[in-house]
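Novice: Right, I'll just put the structure down here and ask away after.
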Amino acid sequence: MIPIEIDSGSGFCFGVVNAIRHAEKQLEKSSDKLYCLGDIVHNTLEVERLGKKGLETIDYDAFSRLRGAKVLLRAHGEPPEIYRMAGENGVTIIDATCPVVLRLQNKIKSRYEATRSLGAQVVIYGKRGHAEVNGLVGQTEGTAIVIESEEELDKIDYTRPVILFSQTTKSLEGFGQIIDSISTRMQPGVTFEHHDTICRQVANRIPHIGAFATAHELVFFVAGEKSSNGKVLFGHCLAANPRSIFISSPEVIVPDMLVPLPASIGICGATSTPRWQMEEVASHIKALL
């Protein structure tokens, strides 16, 4: 039998585990309807599993119409506007914001309030429109500049102070490149401060995933189609091992993917991929061999 290894370093990060525990605890102790603002995790199968337990996912429009309900805020965090709206509408918040994200929100809010009178610009290196980034921008009353890549650095006014932060799940390498590029553009005497706000539990998975991928002839990377972290990690996985395949469920694996038969098979995933899903993938592969 071809050896199959599930990566011990893959699976939910602490923030996601914490949010799911919050949801399950609330569902177990109360019969009251529990809503979640947005997918609790970017993994369709896990969302469906919790949905069967009673967790109902809603969007922001539906949230604005709720009255007297109970709503879980996921690990990504939310802007102040959501808390204000909840208070006005009698909505009870179950706050499962990741502690790492919460610290970052507070740091951004503090620096924004301390420097806005000086004309400083808060810049966030992250994915525009991502839930976490929306929550971070909200700490600056919507004024923060979001930068996805070096190509967007012209949005910054280099004659004014710059305060740079990063979305917690971005790569250290990418953040370092942004810091270097901004540094070379700053006008003499103008302040530039940068804060390393990247979660190490997530960042450390990048070198780990590469080492895991090279240790196996064939790799199946398991993640939801919506997972930003999954796309980033799979890119590193593929770079380390060209015979890496992205899948979102076990059913998509067909016998042809196993040809030629590999000496070993590795299964890994994103920070939004549950362990049980990777185990299902392993079982499916064994049935095909």
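Note that Cβ sites are derived from N, Cα and C of the backbone, with glycine treated the same way.
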Novice: Considering the [4Fe-4S] cluster binding residues Cys13, Cys98 given in Swiss-Prot, which of Cys199, Cys237 is annotated for that site as well?
Specialist: Cys199
Novice: Looking at the binding-site residues His42, His76, His130, which sits with the largest number of other Cβ atoms within 10 Å of its Cβ?
Specialist: His76
Novice: Name them in sequence order: residues not among His42, His76, His130, Thr168, Ser227, Ser228, Asn229, Ser272 whose Cβ is within 8 Å of the mean position of the Cβ atoms defining the (2E)-4-hydroxy-3-methylbut-2-enyl diphosphate site.
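Specialist: Near the (2E)-4-hydroxy-3-methylbut-2-enyl diphosphate site, beyond His42, His76, His130, Thr168, Ser227, Ser228, Asn229, Ser272, sit Ala131, Glu132, Thr169, Lys226, Gly230, Ala270, Thr271.
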Novice: Taking the Cβ of Thr168 ((2E)-4-hydroxy-3-methylbut-2-enyl diphosphate binding site) as reference, which residues of that chain separated by at least 6 in sequence fall under 8 Å from it?
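Specialist: Listed in sequence order, they are Cys98, Val100, Val101, Leu104, Glu132, Thr197, Ile198, Cys199, Val202.
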